[in-house]
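Sequence annotations record features per position, and here TrEMBL assigns active site, 4-aspartylphosphate intermediate to Asp234. Under the heading ATP binding site, TrEMBL lists Asp234, Lys235, Thr236, Glu313, Phe354, Lys377, Arg411, Thr491, Gly492, Asp493, Arg581, Lys587, Asn610, Asp611. The feature Mg(2+) binding site is assigned by TrEMBL to Asp234, Thr236, Asp607, Asp611. For 633-884, the entry in TrEMBL reads domain 'P-type ATPase C-terminal'. Among the features that TrEMBL reports, transmembrane segment is placed at 123-144, 164-184, 669-687, 699-721, 742-763, 783-803, 815-835, 855-875.
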Amino acid sequence: EPQAMCFIETANLDGETNLKIRQGLPATAGLLETKDLQRLEGRIDCELPNRHLYEFNGVLKETGKQPAALGNDQVLQRGAILRNTAWVFGIVVYSGQETKLMKNSTSAPLKRSTVDKLTNTQILLLFMILISLCITSGLCNLFWTREHWETDWYLALSDFKTRSLGYNLLTFFILYNNLIPISLQVTLELVRFLQAIFINYDIEMYHEQSNTPAMARTSNLNEELGMVKYIFSDKTGTLTQNVMEFKKCSIAGYVYKTERTPEESQLVQNILGRHQTAAVIEEFLVLLSVCHTVIPERKEDGTIIYHAASPDERALVEGAQRFGYIFDTRTPEYVEINALGERKRYEVLNVLEFTSTRKRMSLIVRTPDNKIKLFCKGADTVIYERLAPQGQAFRDQTLRHLEEFASDGLRTLCLAVADIRPDVYQEWRQTFHKASVAMQNRESKLEDAANLIENNLRLLGATAIEDRLQDGVPETIAALLDAGIYIWVLTGDKQETAINIGYSCRLISHSMDIIILNEESLDATREVIHRHYGEFKSSSAKDANVALVIDGTTLKYALSCDLRNDFQDLCLLCRVVICCRVSPMQKAEVVEMVTQSTNAVTLAIGDGANDVAMIQKANVGIGISGVEGLQAACASDYSIAQFRYLQRLLLVHGAWNYARISKLILYSFYKNVCLYVIELWFAHYSGWSGQILFERWTIGLYNVLFTAMPPFAMGLFEKFCTAETMLRYPMLYKTSQNAKLFNVKVFWIWIFNALLHSVFLFWLPLAAYSSEVIWGDGKTSDYLLMGNLVYTYVIVTVCLKAGLITNSWTWLTHLAIWGSIVLWFGFLLIYSHVWPTFKFASNFRGMDIQLLSTPVFYFGLLLVPITTLLVDVICKLVHNTVFKTLTEAVRETEIRRSDISEVMNEPRSSFTETARLLRNVFTRRANTRVETELELSHGYAFSQEEGGAVPQSIIIRAYDTNLPKPEGN
């Protein structure tokens, strides 16, 4: 490019898609061929590698020449993409782990779900209880032996082992160790793996256009998807498509839309038909095609490609092109356009650059008829206050159209023109030149000079550009908000753009108050945070319908040690938070702040390399396989093709997986306690000797075979509502989000329930077997028969318990529950006849005949499980009748095939009253704050690099599209 310039895109670094300009040093600008580069000799001294994206200090020391300073404007960082520039020559300064991109990355953490952490804590408590039981049983053995070793001499109680506490502790530890279900870990891993396959093969999350399915890159966090409280989202490429498109415009009080060809549009027909507004329309289109910094490039096939640092400007020029006003030539002195077949040349006299403070850009040109005009485009607030009294003919209609455009989520700009007399221009030109060469306060003097000429404007109309959202983004965000999830947007883009997207995707509503924090110092940041936090504390509302917007500079101060807590308290009181112009590390710091302070489950979603740090910091990281590459997807826990799939991933798969894993864990502990605590009750009758009640193989196969299938069925097929209902009523997500199904209270209720069941399952058969004669011929058996009676009732009871807590019955669920019972009886019949064919299980020989030939067994088979589960049935009946939850009511309505909307009485938003209470709190606003909100309500947004390497006025004078570019050979 001319003058050693190049265009780059830094989306992977800061998420911005508008192009930035970098420029080489004048001393090296003439190196245009490889032979020139070979003669370059010298060295570069620079600062040590650091993570500051926007800072670089170095010195180029060429041999035999004066040293030249190097700054950030001369650096192309790793991760930046060269755009609109065919080639560059460069020297590598940092590489590998020393680059700023890698300095902003974090090591991949080991993530565990909240359910896993809670389970591990309860396992430790159970282990402590296990140790206590072992010590208690060992002491009881010592006391019992001391009392009986002389009278019960035939038991050889004087043996050393029976009187050793250490030996007894080891015996009881082996006896009770199955209280902690080791098999649970195996079951969990298998179930989670299959749940991940369900996610991968969900056709509803398959993106056909890009042939991209959802992918679970880990299975450890499946249930965590059902507990998300905060979502941190990138903007560019995640919520938006990185596509700016000219949609419509308002000219002289009339709204026009683009059509397939210029001739089809009503706008062009009005020009050709010499409508009463034809002159205004022509001036409007000339302004669009002339007032900008776009560079045209004509291809060999005759098509024109527009290169622009601002995506908004490119969209405006392309919009003019669709109406037949084609910009095709730029030289240092003039621009040429093809206006409906007529070529027109406009001499560029002065450029008044766009800044976020000015909120406008102006171009002074000499028209083909030798008149001097000022073309101006910018925010409605700055344009309207500069209108001449006779230039406001369409003021009210245009304002109404701006509000309509803004309500549609479109980005708006107002366009105006002023006719300048030659003598006024010459006088102003001298003033402007003096300001441009001033040694002190140059910027303010240039601003004052611009204000002198940018007045007496005549309003032409307004434009509306769509920053196209990903499909389904507004609906997805609305559903997630209804589900009680807080959504924060962390972006490297400009503030106005981020807020505009907030409106268009319905994250911010027009009824919301907006707090904007743009401060330049620590003291100013402290004052504004304390002031706003004090306003919140003085009100009675806790969850305000307020959006907080903060830029990267202010965020740096807000995250400092002395302000961090106050800032996070302020943020947590707001409904929506938008952080603009933030670096990758700042994104990660914000995510970490919320994760640590709230102990809530956080989710980060993004599509670029600049999102990797926050994806890794959040409890759950979601990567989008987008146009910015696969860096985010590769670093994520789950990857999806579109933001809209997040709704199904959380509300369906997340909620289901949480319910499934919760029941699986609780049931696994329940069934183990049910069986193995019986050994404790039996120890009371066995002299605390450590004698087992059950046959050893049946003990080993309990978790592996006879009760292995019901947990699998729960973990894979259990669901309390259909997917359609979960998506239609997002508030059903709150059950899993608030951990209602698995917490400390629920866990110990299940443990107590298992202890109660074990009491029934041991003492009821013991009462039936108390006479020891359970056959009509008067024969008796030993303790093992009693053990198999109890074992059979335990298996039947725990399988029926699985059925009692199952909400979704499939044929596989039936097979798992009833099949487990049948499997035990089949095993009983076979195992009872293994000996003497195989030399083991001699004590089990004929056990099937003993069990199945006594009526006591059948009577107990009916009575014991029913009696044991009677308390559970009554509690479930009372709960579903008196204390029925919303989820249970919806499930019952689904079963009855009734209208679900009848039971959905919970209001969809709880913020209306809060908003009313807070409406009077934010009354003290500065004029700039009111002006900003007015601009946002009218949709103003414009992306343009500020303070770049090359000023806009120099850019447009550096190019001559009539001349060929160097090849760089």
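The backbone N, Cα and C atoms fix where each Cβ goes, glycine too.
Automatic, uncurated: that is what TrEMBL annotation is.
As the structure is a computational prediction, the values presented were derived from the model and not from experiment.
Here the features listed in TrEMBL are placed on the structure.
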residue	record	Cβ within 10 Å
Asp234	active site, 4-aspartylphosphate intermediate	30
Thr236	ATP binding site	29
Phe354	ATP binding site	24
Arg411	ATP binding site	27
Gly492	ATP binding site	28
Arg581	ATP binding site	22
Asp607	Mg(2+) binding site	33
Asn610	ATP binding site	33
Asp611	Mg(2+) binding site	35
Local confidence of the prediction over the domain 'P-type ATPase C-terminal' (633-884), expressed as mean pLDDT | 91
Measure from the CA atom of the residue listed as 'active site, 4-aspartylphosphate intermediate' to the CA atom of Arg581 (ATP binding site) and give the result in Å, rounded to a whole number.
-> 11
Of the recorded positions Asp234, Phe354, Arg411, within 10 Å of Asp611 (Mg(2+) binding site) (CA to CA), in sequence order, we find Asp234
Maximal Cα-Cα distance (Å) across residues annotated as binding ATP, namely Asp234, Lys235, Thr236, Glu313, Phe354, Lys377, Arg411, Thr491, Gly492, Asp493, Arg581, Lys587, Asn610, Asp611 | 34
Contact set of the transmembrane segment (699-721) with the rest of its chain, CB cutoff 8 A exclusive, min separation 6+ beyond the ends, reads 178, 181-183, 187-188, 190-191, 194-195, 198, 656, 659-661, 663-664, 667-668, 671-672, 675, 692, 732, 735, 795, 798-799, 802, 805-808, 810, 812-813, 815-817, 819-820, 823-824, 827, 887-888, 890-891, 894
C-alpha of the residue listed as 'active site, 4-aspartylphosphate intermediate' to C-alpha of Asp607 (Mg(2+) binding site): distance in Å?
-> 8
Lying 6 or more residues past either end of the transmembrane segment (783-803) yet within Cβ distance under 8 Å of it, the residues of that chain are 667, 670-671, 674-675, 678, 691-695, 698, 702, 706-707, 710-711, 713-714, 757, 761-762, 764-766, 768-769, 816-818, 820-821, 824, 828, 843-844, 847, 850-851, 856-857, 860-861, 864-865, 868-869, 872
Where Gly492 (ATP binding site) and Asp607 (Mg(2+) binding site) are concerned, what is their Cα separation in Å, rounded?
-> 13
If you measure between the CA atoms of Thr236 (ATP binding site) and Asp607 (Mg(2+) binding site) and round to the nearest Å, you get 8
